[in-house]
Amino acid sequence: MHGSGHGSKSGGVKMIELKDVRKSFGSLEVLKGVSLTVQKGEVLSVIGGSGSGKSTMLMCINGLEPIQGGQILVDGIDVHARGTDLNKLRQKIGIVFQQWNAFPHLTVLENVMLAPRKVLGKSKREAEEIAVKQLTHVGLGEKLKVYPSKLSGGQQQRMAIARALAMSPDYMLFDEVTSALDPQLVGEVLDTLKMLSEEGMTMILVTHEIRFARDVSDRVAFFHKGLIHEIGAPEQVIGNPQKPETIDFLKSVL
Amino acid sequence: MFETSLTWNDVLFLLQGAGTTLTITFWAVLGGTILGMLFGLARATAPWWLNAPIGFVLDILRSVPLLIQFVLANSFKSILKLNVTAFTVGCVVLALYTAAYCAEIVRGGILAVPPTTRRAARSLGMTYTQDLTNIVFPIALRVALPSWIGLTLGVMKDTALVLWIGIVELLRSSQILVTRLQEPLFILSIAGLIYFLMSFPIARLGARLEKRWREND
Ligand SMILES: Nc1ncnc2c1ncn2[C@@H]1O[C@H](COP(=O)(O)OP(=O)(O)O)[C@@H](O)[C@H]1O
Ligand SMILES: [Mg+2]
């Protein structure tokens, strides 16, 4: 049949789609049928108690963890299908973790240059140009030759963001990137995230910073026990939650 | 005045022994390190059916005294009428022994790299191999270097055991001189000094690298 819009390779669609995704660690079912669509250009914040499966969902999206049921499509490509080149797919999905995971043996500049050189095959000069641009963008232009151990947590986290951005991803996933930071360092990282959202970056942002989520998100999803309980505009999910679980959670964190 | 009947020829004889010690150490450490890296990598990453047998063999190599290994290997050589010198036997046995220890050092270094760091590398699109060569090995090297230096220094001293299969290295040549000249203290002091002079640069190099790396993390 020609022209059917429901083929698995829906050509020009730019988005992340989760369809009834199930994921278990052994006998522990962590994602119990998550469905979600994030359009290009959208900022989605994911909130919810710890252990509800938020990190796991992000890792499934770029194929760091396998899934047991359902389907995840990124720009129409099935992430967990057999033939999918995950290394290629990951080039368009940047991810930044709670722990910044600097490469300790490389300078800040080298940290950011590494993947463009090895994965994208850029020349040293091109990679350096990209890295300097991204590091300047996140406010680390003065720290290029420094080793990560000499940076504060907030600076290391911004370096991790620059490192992901250097691959020119179409999507960015952030997993509680401010949770491990001293309170006075949280602001600088949130500012960086805000800047990215204003530049139109498509982002899924797992966060405990409810006020921030309300501020920058197009939509907010509330995660509870492996399911999305509520999803919608921030004014709705955070401002006027309907489900008792959402209300309880917001009370506990606000 | 201090008097000795040690001649320049005797000193040359000692230095020849030292040369043999260095040569055996070189081959044993070179071969042992290459094999040790392969075994260590397998121990850290291979599935159990490969890991377990390798671990078993390495356990044997580490637990049987080196002296016994030298003598046994040398006897097997004669029984099997293999056309190799005692020197080769010494190098091979010591290389395998070194490999067994080196494998554990390498394994420890690789496992010391946090999984989250490796995950970050993979999430940037790096392949398994790119992660190993660009992230895991450099970090593991820094973790493993002090133990590897210690192993190398130990192997240099262990070479003395090859005198039991008839190789004249530094300790054996000093023994020969002691027997002939009856000046054990003086001659053994010289031999000790030579051992020290051979070890010192290696220890220094290790300390230098360690210091340079510590400044970065
Ligand atoms: N690698 C793993 N192996 C086993 N269980 C895991 C693993 N990662 C996460 N879990 C479990 O899955 C559940 C969800 O974890 P996670 O996705 O990290 O939650 P969240 O990010 O919402 O706090 C938790 O119960 C956690 O213990
Ligand atoms: Mg989490």
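The backbone N, Cα and C atoms fix where each Cβ goes, and this holds for glycine too.
Unlike curated entries, TrEMBL annotations are predicted automatically.
Residues annotated as transmembrane segment in TrEMBL: B:12-42 (among others).
TrEMBL lists B:18-206 with the feature domain 'ABC transmembrane type-1'.
The annotation transmembrane segment is assigned in TrEMBL to B:48-72 (among others). Long-range contacts of the transmembrane segment (B:48-72) within the same chain: residues 39, 42, 89-90, 93-94, 96-97, 99-101, 103-104, 158, 161-162, 164-165, each at least 6 residues beyond the stretch ends and with a Cβ under 8 Å from a Cβ of the stretch.
Note on the transmembrane segment (B:84-106): residues 20, 24, 27-33, 35-37, 39-41, 43-44, 54, 58-59, 61-62, 66, 69-70, 73-74, 77, 140, 144, 147-148, 151, 155, 158-159, 162, 165-167 of its chain, located 6 or more positions outside it, place their CB under 8 angstroms from a CB of the stretch. The transmembrane segment annotation in TrEMBL covers B:84-106 (among others).
The transmembrane segment feature in TrEMBL is assigned to B:135-154 (among others). Sequence-remote contacts of a segment are chain residues at least 6 beyond its ends whose Cβ falls under 8 Å from one of its Cβ atoms, and for the transmembrane segment (B:135-154) they are 25, 29, 33, 98, 101-102, 105-106, 108-110, 112-113, 117-118, 121, 126, 199, 202-203, 205-206, 209-210, 213, 217.
Residues annotated as transmembrane segment in TrEMBL: B:185-207 (among others).
Away from its own ends, the transmembrane segment (B:12-42) comes close to residues 50-51, 54, 58, 87, 90-92, 94-107, 109-110, 148, 151-152, 155-156, 159-160, 162, 167-174, 176-177, 187, 190-191, 194-195, 198 of its chain (Cβ-Cβ under 8 Å, at least six residues beyond either end).
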